[in-house]
Structure formats: C-alpha cells, structure tokens
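Have a look at the structure below before the remarks.
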Amino acid sequence: MAEDTSSPMDRFCGSTFWNATETWYTNDPDFTPCFEQTALVWTPCAFYWAFVIFDFYYLKASLDRNIPWNKLNVSKALVNLGLLVITALDLIMALVKKGGDSELPLYDLDVWGPIIKFATFLLVFIFIPLNRKYGVQTTGCQFIFWFLLTVLSIPRCRTEVRLDAERQKILNSQQPSEQDFSWEEYQFVSFFIFFTFTSIMLILNCFADGMPRQTKYQRGENEIPELSASFLSRITYQWFDKMALKGYRNPLEEKDLWDLRPQDSCSEVMPIFAHHWNQNVRKNYKNKARVEPKAQFSNGNVTFENPHGEKNGRKKGMASIMPPIYKSFGGVFLFGALMKLFTDTLTFAQPQVLSLIISFVEAQEAEPEWKGILYAVLLFVLAAAQTFILGQYFHRMFIVGLRIRTALINAIYRKALRISNSTKKESTVGEIVNLMAVDAQRFMELTTYLNMIWSAPLQIGLALYFLWQQLGPSVLAGLAVMIILIPVNGVIASRIKTYQIRQMKYKDERVKLMNEVLSGIKVLKLYAWEPSFEKQVLDIRDKEIATLRSTAYLNAGTSFLWSCAPFLVSLVTFATYVLIDENNVLDATKTFVSLSLFNILRFPLTMLPMLITNLVQTQVSVNRINKFLNSEELDPNSVLHDSSKPHPMSIENGEFSWGDEITLRNINIEVKKSSLVALVGTVGSGKSSVVQAFLGEMEKLAGVVNTVGKLAYVPQQAWIQNATVRDNILFGQTYDRKRYNKVIDACALRADIDILSAGDLTEIGEKGINLSGGQKQRISLARAVYSDADLYLLDDPLSAVDAHVGKHIFEEVIGPKGMLARKSRVLVTHGVTFLPQVDSIYVMKMGEISESGTFDQLVKNKGAFADFIIQHLQEGNEEEEELNQIKRQISSTGDVPELLGTVEKAIKLARTESLSDSISVTSADSLMGRGGSLRRRTKRQDSHDSVASAASLKKKQEVEGKLIETEKSQTGGVEFAVYKHYIKSVGIFLSVATLVLNFVFQAFQIGSNLWLTQWANDQNVANDTGLRDMYLGVYGAFGFGQVVTGYLSTLILSLGCVYSARYMHNVLLHGTLRWPMEMFDITPLGRIVNRFSKDVDTIDNTLPLNLRVVILQLFAVLATIVVISLSTPIFLAVIVPIAFLYYFAQRFYVATSRQLMRLESVSRSPIYSHFSETVTGASTIRAYNVGDRFIEESDAKVDKNQVCKYPSVIANRWLAIRLEMVGNLIILFASLFAVLGGQTNPGLVGLSVSYALQVTQTLNWLVRMSSDIETNIVSVERIKEYGETKQEAPWELEQDKNKPKNWPQEGHVEFQNFQVRYREGLDLVLRGVSFNIKGGEKVGIVGRTGAGKSSLTLALFRIIEAAGGRISIDGVDIASMGLHMLRSRLTIIPQDPVLFSGSLRINLDPFEIKTDDEIWKALELSHLKSFVKSLAAGLNHEIAEGGENLSVGQRQLVCLARALLRKTKVLVLDEATAAVDLETDDLIQKTIRTEFKECTVLTIAHRLNTILDSDKVIVLDKGQITEFASPTELLDNPKSAFYSMAKDANLV
C-alpha cells in the first residue's frame, strides 16, 4: 500500500493533510478536507484551553454575584447544548456508519475530532452558569474562541458546498451509481447545523450579560458603562462614545462624569497594598513575636504597621515600597507585559509582509492576483491586531499606574498623621506634600514605559537580526551611527537641562519681583516708581530670554538629529553595503524592508535614554518615599488611660524632649476633676510643651502621663480648615442647634458671623485666610467647647483677642461660671487678670515647675510668680479697670508693698495711654453692638480683630455690589484672531520661512526616497560601478539638503517663538503697570501673577515645542499622502472619506479631552491642599482623635480625582483606536491599490507602503499635539486680554517739560467743588469739597471711618480721577499734567509702610539719582543712622520680601526717610493706626515738625493729639466738609463735632 509513505496526519485522517499544489500554487486556492477538519478546528480549541485560565481568574476577581437568567444567557446555554448534541451525534454516527461491517473504514479523525470538539464545548458550557453565578458579564476568551471557530470554518463551507454540487451531478446523471452517499450527506447537514450554531454563538457573545443582582458596592445610575460593556465594546472602547458625544455638544461638567470602577477605588486598592506592606514590614524584624492577621477592613479602615516597630525589635533594614507594589499590582502588569510581547512580534511581521508584497509586484505576471490581495489584507490584519492589543496594553498600564498612585498617596497620608515631631522637623510641609504631588505622580508616568526595559532591547535585537538577513554585516555601520547619536543627544539634553534650570531660576526671581510689585502697586503709583521696577523686571526677563535663545539653538540641534538620524543611518548602511563588495546590489525588497526596519529601530533607541533617566528619577522618588514611610512615629503608649488613678489628668516625675535635648524635667501636675489649672511663665519657659506632653506629642523619657476621658485641645496657633465656619466648629459632629447657638454666643462669635457674607456657612479660605487672628482663635475655641469633651487643654486661647472679648470669653466659657465649669481644664495664659479666679496655678521656669498653689499662696511666696506679675505689669498691656481688680486682689492678701507699687504705676500708665489712644470714632465696637465705649487700642498688635470685622462688614456690602470679578474660564474653541495675533508676534517673515523650509525639507526627503526607488529598479547598476557611485552621490546630496533645511526650519521657528515670547511679556508688563488702581481692586493678585508665571511660561516653553511637533507631523502626513498618490493615483479617491473620519474623531476628542483635563487638574489640587492642611493640623486631629475621618476624607478626594482622571485616560485610548484604524485603512488601501492597480514599479510600491506603515504613529501625534496647541494658545488669549485692558492717564506729557524743576514752589493747594467716586457705578465718596490751603500751612483732616479722608489724598495723587470739580496746586489744574510729573512732585508717608525686597538703598532711591551723603543725611534725620551703621552691609543691607526683617517701627521710619529724600513742597501724612508704637510715632511727628517747616503738610489723623497744634483742621463727614477752622477755634465751640471727638478722647 502506497499510503504508508504518507505523514502520520495523513494516516490519522485517511486522506492527504496538506497539498501545496492545491492550496498555494494555483489560481483557485483551497485546503484539503483533512486540514479543514483538523488544523482549522483544533486551533481555536487549543487557544481556548490555553487561555481558559483567564476565565477562572475573572471568576475569582469578580466583586459581583448572581446574574438573573435572561434571554441572552438562556439562548447561549441552549445553542451550546445544541452544539454538544450535534458533536455527540457525529461520534455516534461515525461509529454506526463506518468501520466494522460497513465498507467505509473508521479513521482516528472520526473518533477524535468529535471528542475534542465535545470537550471544548463542554468547557464553554460549564462557564455559562459559573459566569452567571459569579456575576461575570462578558469574557474575552470565549468571544475570541467563537470568532476564530466561525472564521476558520468558512473554508470548509466552500468545500462542502462544492462536494455537494458534485454529488448532485453524479446522482442526477442517469447512471445508477453503486455509491452510498449517506455518510457524506450526513456530514454535510451536520456541518451546516454546526456552522449556524457557532455563528449564532459569535453573535450572542458580542453582547454582555445582564446586571448582577448582588454587588459588593452600590451601583448608581451613574455607573461607568465599562462594567457592563461587552468584550467587543471594551476593545473598541465603544462604550465611551456617549461621553465623547456629550463632551462634543457642550463642555463636560463634574456631574456628567461616571462613578469610579470599584476595583480602582481606595477601599479596594488599599487593603491589598496594606496587607503586602505589613508582611514586608514584619519580614524586617528578627523577633517574629507578633503574627497578625491579614490587613482587615475594620469598618473601612486599613491599618498600616509601623516599620519603626517596637523599640526592642532589632531592625534589619528599611522596609521598601517596591515589593508590596510588585505583589499588589504585579498580576495586571505581567498580563500587560504579555500583550506587549505580542505587539512587538506583530511589529516585525509587517516588514516581512512588505517584502512579500514587493516580490509579488516584481513577479507581477507569474503570480495569481489573489496572493496580492491576501498580502494586503494580511498587512491590515496585523496592523489592526496590533492596534487593539496596544490599546488594551496602555489601558492596563494606566490602571496599574493609577492604583499605585492611589496606594502611595494613601500610605503617605496615613503615615503623615502619625509621624513624630523629630521627623516632622526634618522636612517642611512643602516637602512632605511633594512626596504626594511629585513622587507618587512619577510612578504613574513611569508604568506605561516600564515594559520598555525588556521590550526595547528585544526590538533592537530582532530588528538587527532581520536587517542582517537583508544586508549582512553592513548593518553594523548604520547601528554605529545610531549609537553615536545617542550620547550626542544625551550631551545636548543635559545642556538643555542646565539652561532650563537657569531659566526656572530667572523665572522664579521675576515672578517673585512681580508679586511684590503687584502687592505694593499702590505705593509704587503714589511714589511714581513704576519705571524703575519695570526696568528691574525687564532686566531679569532679558536674562531669561537669553537662556531661552540658547535653548532654542540646542533644541534645533536635537530635533535636527532626530529628523536626520533615519536618513544618515540608511545612507551609511547602504553606502557600506554597496561599497564593501562589487556583487552587492540594492534591489527594491532590500531597500524598503531595511528602511521600514530602521524606522522600527528608531523608537526603542530614543526611548531607552529617556527611560533610563526616568528610572533614575523614580528611584530617587522611591528612596524619598521609603525614608518617609520608615521614619519614626509617635509612641501611642506614651500616655496611659488608667481610670483607677485619683485625678483625670496627671503627670508624675515627667521628663520630656522634642527629639534632641531635654525640654521639660521634674514635671508633676495634677488636675482634679472639674477644676481649672493655669500654667504661667515667661515666653519659652515650656508652658505649651506641658500641654503637648499631655497630648502625647513629645517624646517621653521618664515618668507617667495619665489622662482619662475625651480630650479637646485649643492650640496656640489656631488651626482652621478650608471649610465653612460651621463645619470648623462642628468638626465632624452632628449639628445640634441649641447647643451650637449657645457655644457661639459664649465664644463671642455671634457678631463676626453676622458680618460674614453667608453667616456661618461662609467658606473660610486656606489657613483661615479671610479671618482675623482673633476670629480664628475663637472658632478654634468654639470647636473645643462644642465637642463636649471631659478634659480641656487650652493653650493660650486669649492671646489673639481683645481685652474685653477675652474677659467675656473667660466669664462665659473658661471661668468658674462658664460653660466648661464642670470639666477639667488646663489653661496656659499670659494675662494676669484672670489668675485670681483659677483653682490652682503652676509657674513654669526654664522647663521646670518652680512653684504651684493658689493665687493668694503664690503672691505671699514672693517667688517666681511675683516676679512674673511685676514683669507683666511693666509691659503695660492691661486695661485700667482690670488693673484695679488685681490691685484689690493683691491688697487683700496683705503685706506685699513692692507689688502694689508696681500696680499703681501700671494704672497711671494705662490712664495716660488711653488719652492718646485711637480715635477711629465709630470704633468697631459700636459695629459689633458692644456699646459706644471707646476702644483703647493696646500696644498688642493682635487687636486688629475688630478692624478685621469692620473690614469684613464692608466686604459684605461689597458682595451685594460684587467686588472681585470671577475669572472667565475658557470653554470651547479659540477664535482665529488669537492665532493671528500670535503669528503676528512671531513675525510674518519668520512664520512664512518656517513653512517654506519645512516644505523644502519634505521635498528633499521624498526626493531622496524616490531616488532610492530609481536606484533599486535600475538593472544596469550591477555591472557599472560609475553608475553606482553616481546614485550614491546624488542620494548623499539629497541627504545634505535635508540636513540643512531641517536644522534651519527648526531654528527659525524656535527663534520666532522666543521673539514672540519676549514681545508678549513686554506687552503684558507694560499694560499691567499702567492699569488704573481700580483694576487692581477688582482683580485678585493671584490671577495677575498667574498671567506672569504660568501663561508666560506656556508661551516660553510649551507652545514652541507643540508648534514644532505639529508642523513636522503635519508635513509628514502630507508627504505620505503625496507619496502614496504618486505610486497609486486612485488612492486620492479614498483620502476624502478617510480625512472625514479623522476629522470627526479629532473634533470629538479635542472637545471632550480638553474639558476632562481641566476637571482633572481642578480635582487634583484639593488632595494636596487637604494633605498639607492635615500635616499642619496633625496634633489637633490626634488630640480630638478624628484621624479616621480625615483618612476617609482624603480617600474620597483621591477617588474624586480618579473619577476625572480615568475618563481622560480612556479618551486617549478611544482616540488612539479610532485614529489607528484610520491609519490601518490607509495601509490597506495603499497596499491593495499597489497590488491591484497593475503598478509594475516595485520600488514605488515599497516606498508607498513603507510610508503608509508609519502614518498611524504620525496621525496619533498630530491630534494630540494640535489639541495641546488649542489648550495652550489660551495663554496667548489671556495675555492679549490683559495687555489691552483700559489704561490710566499718560505718565509723561510734552507740556510737562517746561515746568520748573522745583515746581510747586509755594505748595498752595486748592479744592474747588471737588467730587470723586472709586469706580463707575458707585456712589460719590467726596461730594463737592471746596477749601483753600496756603503754602506752608499745616492742616489736619479728621472724620469718622468712611468719611472720605483717604479719598482726599488719593484724589490729590490722581489715583482716583475726578468726577467733577478740580484740584489745583500753585494754580495749575492737576488734571492737565502727566501722572508722573504730578506724583513725583508730591510726597506721601503712607499708612502701612511697604518695602520691597532688594537693598535698603533701592528702597530709598530706586532710580539711583541721590548721592550717598544725601541718603545718610536722610537716615540720620529719620533716626535710622545708628541702626544702618550697625548692619554689616550698610546701605546695601538686603531687605526681605515685605520688609520682614525689619520691625514695623523701622519700616515706618524708612518711609519717613524716603519722604525726607524727596523733600517736595507738599507732604501728605497718612497716619498709621495702632501698628506703630508711641515712641516711633513721636519721632516721626518731631521730625516732620522740624524738617518740613516750610512745606504744606496734610495730616490724616487718627489720634487727635497729633493735630492739636496744626494751623487748620478739616472735619469731614459723609464726603462733605462740616468744619474748617483752626483747632483752638473749634475747641472753644462746645457744639462743634471736633469738640465732641476731643471730649471722647479725654482731651478736654
């Protein structure tokens, strides 16, 4: 028998398995029946058995249970049953009809074929109820299995139909045939039933199952469609269409976003990570005493173990975050890696197919047409498969990145709540927040590229292998060029980096200066100093532009290397190849397959260096996070809670430290139940530390601390959250109206709350920015009172409030009759007033308790306490009646004469002070409804309190007349005008040049490639070396052209962008400094600074980069279209529909993605601000024991950020899949037309297909970058808007030049029926004021708050322009002069002294026109000479921002020195309120009286005694003059308003 020579497969089937003539070398290809029934059926089955493990994994990982039976899964089950029946029947029929007696032999196939199918279908069938039970709604493996099975059964359909037709012929031919066709007939029928059923299963598997009944997490109606999307919808991201459409129609808002997938939420990610982290920590301890269960979710809280461990456990090393990350998220990552491996292999299949297409075109006549079509389709299928798998790969990697970030942020947050103080001292809050903001973020960016570590070398290796096959060893020459370019690039990159760091430094300097200029803009305008500061800013900007210009040259270098690298490589390789050996001839296949392989090589070679730097950065981040997570924690056992002790709070023999030297020693304190204990002592004696010791915040070295009961704590620096006032007081407790109101009244908050715009629902800014110190302190106190704890630790809660408020609070809250009378309380205090009412007093000195007892005992002791009281009284901070009270208390103890003497002195001092004290006549008190008693302004600055309340009252009125305009957030597209503006600022010439050069560059590139095809197709080259050298030479020349134009185009564009950046910043600066003052009033400073920092930065760095990439890619796409159309003109017909598809995908994406990005960045900052808030308030959070609530809040904020982040990740994938499919269509049509269009030039075909292969990447980039441009061009729009805002009057006018140098000579000021308002639409502030002041007169201006005193001076300087009437100085109308002319000839000493950072000299004389002698003279007269002499740097002493390193008094004197230097005829003195101590005030008054004797002096007075000796007094009321006469005249008239003011101030 001849059959034995056949293969085992032939024997298995009983017929031939593979017949090449029938399948390949024919015009009508077909498979053998044996092949169709084995290979084509077993391939899908093998696939399913191989990957069924994933289905099991999904069952295990599912969070849901119990999908109800529905039409879909019932029909799946039924059809599957049908398939099982059919295959079983096949087996039975085979056993019945064949073998044994029948003449048909029974082959192995007849038995094993059905058995294999049956087993597979059974496995699939088992999964239907399993998936239903475990709530799995769709599985990919099954879909792919049915898909493969259906597609691979199609060839058999054709075969069976043909065989059937043949059988019919035989039966129809009249000869009675002997043959029995019953088996064949049966097979025909059974196969078609089988085929129908598989097709139905495929269709059923396109849909997802119903919703599960039980879900671990509540599924809202806003759930993410992905959860119940089918496999098909998932890989094409079709479920995202709804969002894309919605975002396209109108800008997305937060409510449009879907809920987070439960798998990605903190509550799922954290327990896994915590479990692995704790395991890792335990591994680090040698003593494995504590074996703890898995990290459990104890009512939603994850516990992290402290890697610092017990003191006894010896530590092996640091616990690292890496192993827990691998263990927690490694699975998904590995699956991703598997996908990456697939796509890498597919990438390399493409050049192989390309070579088949080229050889097909070369042998055009010999080959049948179907092969060409097959190759084209194969290329498309490869590309499409790659697209889908890559999409899933990136998606998976992003998810891993997001989860790692979630885990790290939460781990860092939980740790931050527990770090010890010594750890906290090592790093600033900013650094800790950076761990979260920068380091955790870095992981996210890395995960997508991490697989490149193995993938890049693999790709490089494979590419080299295939190249070697094409070109042999000459590949090494090309590789050498690539490798040489990497370090060159590296060097340039590091240079760019140094420039960038330098530019950042300049930028920071510039923004800091701008910030100061804008904060002090009013002063700059009053002094007419803007030009000096404008010059300073521009000087810094010039340095910045210089670095940008150097960067531009370097950038042109890198991008030139990139655009020319592929060309250089191919040139070198081909040159080497043809020159090594005469017999080496380039043909089309070699050329274009090599080119496409080189293109593949480019990506991994660029990625590797970037990846390595990224890895290094991430390693740094890992180390920082590890250091933080391993740092020392507070010892939770330092405070005991032993209820058997007699007193609720006690410390016995305590020794404590703040981590270094001992701070407190021998501390013994007992606080009896319901008693009030005071801690007193001088500053730095350790009072607050004792409170911290009770809280367990200090390191306990010895002794016992015991507290029993719930704690409440009021820190010295109030910690206020960014929430409403009510939330700050409730602090997580339920709202009980009665108790709440009681607390508010007791803490004297009622008046403040009434003043706030939305009452107690007013949002408080970060760090309590819109509250005064006293209000913060009282809210902090109210929080403690409301918490209704058992033990109260009050750390100097009365320091920031005014005396009478303090008294009220003591009586209502802290004291023996207050709300807390029944609680045990410890009060740290500086005030002496309340001490008589305390149960016992502990006096601290140098970290020890020097004495303790009641007030009376301690006074008798004449020890440290008596000293403390004397020292305190000498500071003179107390009010008169309080001193009397103390006096009574002391004299009742008898026998302490020296103390009584001090008290008497203090009383005298208080009396004299109250006379000269503040006279803001409607003192804020009457505002706050506390009677009209005049407020005595004490020297303590903290009493700004009521002023702040008054200010906030004004705010409230302004909310009705809205003050701050809300910023217009840009939505939707950007008008063309903005682009036009930008192009204009770059310069028309440069813009055109860029486009032309890019065009020429592409032309050279296409030219060089067409030349290559010409060369490859030329048959004569083989014999003629001269011809060969000519080809090589021209190819090189084309290359040279590319190099030059490529470099120039990038350079010109970069330089153009630099010019534009410079121009735009100048416009912005010029415009902003010339704004009228009212613009600064309605625009928040941060918003202006943002223009100068972020928007200018975008124009400096981001936009040029985007533009460069977009222009390059745009021309590349055009080039591709041109090349393909050259080779196959019919391609142009397809371009139009493809372009439409592309355009739609792009429009939808840009609109949606841009808004998602905005939402994401808006939702990201709350995470960090909440975190930094937590770090600052950690001790308060621990004291109240609400850590868990804060952790939950943080988790919620992270989740909310993920809600915005996840869709933007998906939007990227959605777009990528769609664009790449557009690209794949281009590949398909390019190759199809090449094959079908009868194109005979193999070189051209190779060229067009290799161009097409690259187009997907380019298209992808193009959309990304153009949408980035749209996002960033907004910066141009905003800068343009600020540069074009309304300006104030011109600074210089021509006619000013002919005024004399020393104008005004007399200083004669006249107001004529003058009216003014602050802004359009507001009421008049001055309503027709007329008065006349002769040269040299001294005039005081008095009036209640809001009477228009300051408006008078502002009008004199034209900070606000007249609404009617006129002001003339020496007979000249001031409205007719340039602003600088006017302002530089008047002098003002402003109310709040503003200094700028820079030398003292710049602060006195910014234009540097005065000599040293003049400056020293001014300093001497302003009593600063000795101080400046004592400084090392003298006049060049650097002043900190805002003058922080000088005292308030000194700042005031510097302003006086400025005035003395200018010495003009008219001086305006806006008197400082309570900020200045009396001493400085007297100095200023004295100097002014002597130095400005000849000048006209206008004084805006807050204290009457300073203007009693002036020539005239103006009394203003409601914007009109009520009295204008000399003070003596007014005081003689008891009916005058001036008299009543003087009476109030005890001056008469």
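A Cβ is built for glycine as well, from the same backbone N, Cα and C atoms used for every other residue.
TrEMBL does not curate its annotations; it predicts them automatically.
Counting only same-chain residues 6+ beyond the ends of the transmembrane segment (39-58), those with a CB under 8 A from a CB of the stretch are 31, 113, 116-117, 120, 123-124, 127, 131, 136, 139-142, 144-145, 148-149, 152-153, 155-156. The feature transmembrane segment is assigned by TrEMBL to 39-58 (among others).
If you look up TrEMBL, you'll see 78-96 (among others) marked as transmembrane segment.
Here TrEMBL flags 135-154 (among others) as transmembrane segment.
TrEMBL lists 186-208 (among others) with the feature transmembrane segment.
Residues or ranges marked as transmembrane segment by TrEMBL: 324-342 (among others).
Feature annotation from TrEMBL assigns domain 'ABC transmembrane type-1' to 334-617 (among others).
Per TrEMBL, transmembrane segment is recorded for 449-468 (among others).
Look at TrEMBL and you will find 474-496 (among others) tagged as transmembrane segment.
Listed as Cβ neighbours of the transmembrane segment (559-580) (distance under 8 Å, sequence separation of 6 or more from its ends, same chain) are residues 471-475, 477-482, 485, 488-489, 492, 586, 591, 594-595, 598-599, 602, 606, 1001, 1005, 1008, 1012, 1028, 1032, 1035-1036, 1039, 1042-1043, 1046-1047, 1050, 1108, 1112. According to TrEMBL, the feature transmembrane segment maps to 559-580 (among others).
Feature annotation from TrEMBL assigns transmembrane segment to 592-616 (among others). Here the transmembrane segment (592-616) has Cβ contacts under 8 Å with residues 347-348, 350-352, 354-355, 358, 445-446, 449, 452-453, 455-457, 459-460, 463-464, 466-467, 470-471, 478, 482, 486, 489-490, 493, 562, 565-566, 569-570, 573-574, 1012, 1016, 1243, 1246-1247, 1249-1250, 1253-1254 of the same chain, all six or more residues outside its ends.
The domain 'ABC transporter' annotation in TrEMBL covers 649-871 (among others).
The annotation region 'Disordered' is assigned in TrEMBL to 928-952.
Residues or ranges marked as transmembrane segment in TrEMBL: 988-1012 (among others). Here the transmembrane segment (988-1012) has Cβ contacts under 8 Å with residues 563, 567, 574, 586, 591, 595, 1031, 1034-1035, 1038-1039, 1041-1042, 1045-1046, 1048-1049, 1052-1053, 1055-1056, 1059, 1111-1112, 1115-1116, 1118-1119, 1122-1123, 1126, 1243, 1247 of the same chain, all six or more residues outside its ends.
What TrEMBL records for 992-1271 (among others) is domain 'ABC transmembrane type-1'.
Here TrEMBL flags 1105-1124 (among others) as transmembrane segment. Beyond the ends of the transmembrane segment (1105-1124), by six or more residues, the same chain brings 555, 559, 563, 994-995, 998-999, 1001-1002, 1005-1006, 1009, 1049-1050, 1053-1054, 1057, 1131, 1135, 1226, 1230, 1247-1248, 1251-1252, 1254-1255, 1258-1259, 1261-1262, 1265-1266, 1268-1269, 1272 to within a C-beta distance below 8 angstroms of the stretch.
Away from its own ends, the transmembrane segment (1130-1150) comes close to residues 244-245, 247-248, 1121, 1124, 1211, 1214-1215, 1218-1219, 1222, 1225-1226, 1229-1230, 1233, 1237, 1248, 1259, 1263, 1266-1267, 1270 of its chain (Cβ-Cβ under 8 Å, at least six residues beyond either end). Sequence annotations record features per position, and here TrEMBL assigns transmembrane segment to 1130-1150 (among others).
Sequence-distant contacts of the transmembrane segment (474-496) (same chain, at least 6 residues past either end, Cβ-Cβ under 8 Å): 464, 467-468, 551, 554-555, 557-558, 561, 565, 568-570, 572-577, 580, 584, 598, 601, 605, 608-609. Of the candidate ranges 78-96, 186-208, 324-342, 186-208 contributes the most Cβ pairs within a distance under 8 Å of the transmembrane segment (135-154). Within the chain, the transmembrane segment (78-96) has long-range Cβ neighbours (under 8 A, six or more residues past its boundaries) at 106, 110-111, 113-115, 117-118, 121-122, 124-125, 128, 183, 186, 190, 193-194, 197-198, 200-201, 204. Long-range neighbours of the transmembrane segment (186-208) within the same chain, counting only residues 6 or more positions beyond its ends whose Cβ lies under 8 Å from a Cβ of the stretch, are 72, 75-76, 79-80, 82-83, 86-87, 89-90, 93, 97, 137-138, 142-143, 146-147, 149-150, 153, 156-157, 160, 163-164, 228-233.
Within its own chain, the transmembrane segment (324-342) has Cβ neighbours under 8 Å at 269, 272-273, 276-277, 279-280, 389-390, 392-393, 396-397, 399-400, 403-404, 407, 447, 450-451, 454-455, counting only residues six or more beyond its boundaries. Taking the domain 'ABC transporter' (649-871) as a whole, pLDDT averages 87 in the prediction.
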